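One structure is given below, encoded as structure tokens.
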Amino acid sequence: MNVQEEGRGSPPSDDPGDDHIPEASAERDGAEPGGAESGGAESGSVKPGGVEPVALRLHPLTFVVGAARELIALLAAGAAGLAVGGLSTAFYFTLVGLGIGFVFHLATWATFTYTVHEDRIALRRALIGRSVKTIPRDRIRGVDISATLAHRVLGLAIVHIDAGADGGEGELNAVSLQEAERLRKVLLARASTAAERAAPEPQRRVLGRMESRWYVYAPLSGAYLLTPFALAGSLLGTLYNLSDDFGLITRDRLENLGHEVVGLPTLVVIILAILFLIAMPVMSVIVFTLFNWDFTVYERDGSVVAERGLMTRRSVSLERRRIRGVELADNPFERLAGVVRLGALVTGLGDAAHRGRLLPAAPGTAVESLARRVLGPPPAPLIMHPRGARSRRITRAVAPPAGVGVLAVLAGQPWVAYGCAVVALLAVPLGIDRYRQLGHASDGERLTVRSGSLRRRQAVVEHGAVVGWRIRQTLFQRRLGLATLVVAVGAGDGGYPAVDMAEEDAPAFAAEITPAWLDPFLTR
Amino acid sequence: MPVTSVRRAHQPDGGGPRLRPPAHRVSPRAIAHWAIEYLLLWGLGLGLAWGVAAWIDDADWDGLPGWMIERVWWLPFLIGVAGVLMVTVAPVWRYRVHRWEVSSDVVYTRTGWFSREWLLVPVSRIQTVDTEQGWLERMLGLATIEVNTASHAGSSEVAGLPVAVATRLAEDLARRAHDLRDDAT
């Protein structure tokens, strides 16, 4: 396997067939019959010249999942209602609400069908008025399969069809797991690769996988550190709402609670605070693990699939030819620990920040080897930007706090001004680091730009994915002989800036990557 | 392909190739267009500032430090001066910066005034070409062309073209984009 990967110099988008076919046909002789059977039975609906496409319903158990939430609500409400004082009117209302919800779920299920045609998939809704949503199959850019705990207990899965900005998206909530797998296979296989589709169950080739000790990196990212607050907040909110509904909350009780909290001895408060501080990283690791448990990236059928999650198992398929680049991101803490996050830049992927994720936190070497397998080696080393960029980075870091400080002085708020002065001083090393992180590079096939410090991002983009160049120069930049080159890409954020390059390097860099576009406008 | 992945120092001026400006200017009527736009915008700003100043002066409100209340009429004055500068200077400046050119396969524009932007969009990556005319542009016989690619950073806008030029250009670009379209997205 390693040999294959080393040998791949060209962008991976053009070789889906080569790796698969020999092994796939070998598999056909042997241990195949069970797996493809369910697919074989139904895929008659999509074969050219085959049977008329069949309108399919969602899985009959779907309404159970839908109703489960209401059921839980009912049980909670019922228990609470009984505890408060027998069956109250509110309780009956809840019961009726549940009944209506139940009927609604059943009717929704009965009136929703989907049909996989040769060139499109149609989602037909006929509950209140009719609506048909048609997604052309060549527009489909990704098929995600996810399942909540309830879905997994019942063997169901949600299929999310993503069709880019103009094609819209569709959701099938829920179908059986086999049907989900079949749909993914059918929908992601393009018409041109009929041979590939006919091949039996393609093998999955694991590209990367979370190792158990990497989950400890969670607190570094900062994003998960606040989860205890969020959890406590939502728990308190729910409790408050629930007890408010049942008249448990009165003014007296609230005031008593307030007095009790204020009356707590200082020691207890301090201990509570310390406990909370300890809980923050621990909780962040737990939540991170819940979301990213057994994070696995594998390749199958010309797609890169990322699977993750403990309770809700989520899998995102990214069509290989639509992966036009990767993004490596980290913050100063992660940099100290050598930890990087990896994401894919995929054309027409909604919610790319979450769904394009390839590794949530991993050592730099692991991230780089995965990046190499998904896209190819990132160009290195980076070319540093000229000295003028440094003063500009520092000025821009210091200016906002300094400005606020001046305003504070004018407004006669000395303490705010002191605070601003401290922040402004701290901003100097930040500016210097921002300068040090600036860089760009290009090899024969990919280019890369890097910027940022508190959130450093390095984008690696295939040359072929560039859709335009934008060079920006303010009056200040002009004085320093600098310019910012924005690489316009039809994936990810849409544009990745190489901030404060040398003025004459910007067109030169662009000309090196797409000489034909620049040459007519260059003068020596 | 030359190997560039080597650290190199910042070259002194005159080292590398430079971008020449695009060939064509926009219509001179664009100056009038921008001037009227700025006039309306800054006029509105001036009116608002005037209103705020009068209100603070009247209200006898002590939420602001004394020196600010004494000089509250500086606000509309400053905005007025800035507005006059914007209306007189910016449109001409912009006219001098704004240029466009369509070569055999690239749309090349330069826009801005205080800060400048050079934008190169290859025809083969264009997804849609729109022409637009606001009410002011219609009065002045101008039009704006919008060239959209799959990336907002790679989408350009040429404002202040004569209507006939814009229409012809848009049709031409749309046709060529259709012929040349490749699947980079």
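Cβ atoms here come from the backbone N, Cα and C positions, even for glycine.
Database features (TrEMBL):
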type     : residues  : note
COMPBIAS : A:18-31   : compositional bias 'Basic and acidic residues'
COMPBIAS : A:32-42   : compositional bias 'Gly residues'
DOMAIN   : A:109-185 : domain 'YdbS-like PH'
DOMAIN   : A:300-350 : domain 'YdbS-like PH'
DOMAIN   : A:436-510 : domain 'YdbS-like PH'
REGION   : A:1-47    : region 'Disordered'
TRANSMEM : A:61-84   : transmembrane segment
TRANSMEM : A:90-116  : transmembrane segment
TRANSMEM : A:214-242 : transmembrane segment
TRANSMEM : A:262-291 : transmembrane segment
TRANSMEM : A:394-410 : transmembrane segment
TRANSMEM : A:416-432 : transmembrane segment
Sequence-remote partners of the transmembrane segment (A:214-242) [C-beta within less than 8 Å, at least six residues beyond its ends]: 76, 80, 249, 276, 279-281, 283-285, 287-289, 292, 331, 333-334, 337, 339, 341, 360-363
Positions on the same chain near the transmembrane segment (A:262-291), where near means CB under 8 A and six or more residues out: 215-216, 218-219, 221, 224-228, 231, 308-311, 360-361
Within the domain 'YdbS-like PH' (A:300-350), residues counted as helix, strand or coil by DSSP: 9 helix, 31 strand, 11 coil
